[in-house]
């Protein structure tokens, strides 16, 4: 083989190797990799961040509740499996139905959902910078369930759910009775939140609704990150 041909072959090999490396780097980019593999990786991180935000406002700490955790995980898994972000599940379930199905005896509920944020810090920053989601995090609730789910496919990859609850009968996961506090953030009417596109983020703004149990879709077609929320009033029974 002549030197010219050898040089051409070597150049082609280096080019294809470099191209392969670039493609692999894209596939392995941090935003597309799974951040957490099990709830124990992130639940305490989320609880600590939520309670830090509440403490800064003089509010009582929340505790975790496995029933709320189950409801939240069901919804995050559903969103990841079906590549959507909404408060209504792919089976038509609403927030209150999922929490009730998990056996949680509630008086008040709220839910935050998000898609695209890679970790607890990123998703909490997004929620705290949105008035409606911040309202839920600082709301008159005593317990929290939070869930993360991942899919390598689709636009968002990372799916988050926070379910907040208040109950007269449920206990914290550690067996303690939750601490109650009265805040100005208690919901007095059912609300849904519609999406507002702002650059690369889709936030949500509150829109009052009269009927009980409705929840909104905040799935945007183009932004890389989306978040949404829903609220149920303090009630004496279930729907």
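Placement of Cβ uses the backbone N, Cα and C atoms for every residue, glycine included.
Positions annotated as signal peptide by TrEMBL: 1-23.
Among the features that TrEMBL reports, domain 'SCP' is placed at 47-164. With DSSP classes pooled into helix, strand and coil, the tally for the domain 'SCP' (47-164) is 50 helix, 26 strand, 42 coil.
The region 'Disordered' annotation in TrEMBL covers 168-221.
The compositional bias 'Low complexity' annotation in TrEMBL covers 176-192 (among others).
Marked as compositional bias 'Polar residues' by TrEMBL: 193-205.
For 208-221 (among others), the entry in TrEMBL reads compositional bias 'Low complexity'.
As a whole-number mean, the pLDDT of the domain 'SCP' (47-164) in this prediction is 97.
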